[in-house]
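According to TrEMBL, the protein carries these features:
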type: COMPBIAS; residues: 1-27; note: compositional bias 'Basic and acidic residues'
type: COMPBIAS; residues: 99-110; note: compositional bias 'Polar residues'
type: COMPBIAS; residues: 112-125; note: compositional bias 'Basic and acidic residues'
type: DOMAIN; residues: 65-175; note: domain 'SHSP'
type: DOMAIN; residues: 69-175; note: domain 'CS'
type: REGION; residues: 1-37; note: region 'Disordered'
type: REGION; residues: 94-125; note: region 'Disordered'
Amino acid sequence: MQYTKLEKEEVNMAKENKQEITTRRESPMGQRMPTPFDEMERMFESFFPSGWPRPMRMAPLLGEIAPGVKIPPVDIIDREAEIVLRAEMPGIDKDSIDVSMSDNSVTIRGSSHHEEKESEENYYRSEISRGAFSRTVTLPADVDGDKTKATFKEGVLELTMPKVERAKRHSIKVE
């Protein structure tokens with residue numbers, strides 16, 4: 001049986017202390033039996049399939065990439081003939097939103113109006129930030145930008161983008 005570095009250290013410590021320890025056992029089939037640590041590692045890997053989170057990868061979850069620089073969280077729905085993108089933009093005025101597209105990507109830009117703080121106010125905390133943002137997302141298929149419809153309601157921008165003919169799903173009968 002092969003031991004990991006940690007297991008070897010445990011065995012050496014036990015020998016020094018003259019204590020008996022139990023190590024990983026082998027099953028009757030000759031395979032190593034899992035330990036609670038193996039199960040914990042498996043759970044972490046299933047929770048973070050792309051590895052441990054890094055600050056920039058967590059940015060969409062946090063809503064900002066730097067103090068005061070907000071990015072709108074988005075949902076992208078891939079339907080048979082169209083793609084729907086919804087972007088959450090509370091506090092943004094419809095007239096300050098700019099949307100541009102290419103065949104398979106969308107860029108959303110906008111800004112929230114800057115409000116001057118009154119210098120006579122005694123702020124205990126100030127967390128509301130104002131400023132510009134930009135977010136580009138890649139779409140799962142090519143879309144027709146000329147036929148795209150955009151609506152903005154209750155702080156949510158919704159883009160309905162028809163797929164180009166070659167990007168639509170087609171069923172193929174197997175013979």
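Each residue, glycine too, has its Cβ placed from N, Cα and C.
TrEMBL does not curate its annotations; it predicts them automatically.
Taken residue by residue, the domain 'CS' (69-175) breaks down under DSSP into 9 helix, 46 strand, 52 coil. Within the model, the domain 'SHSP' (65-175) carries an average pLDDT of 83.
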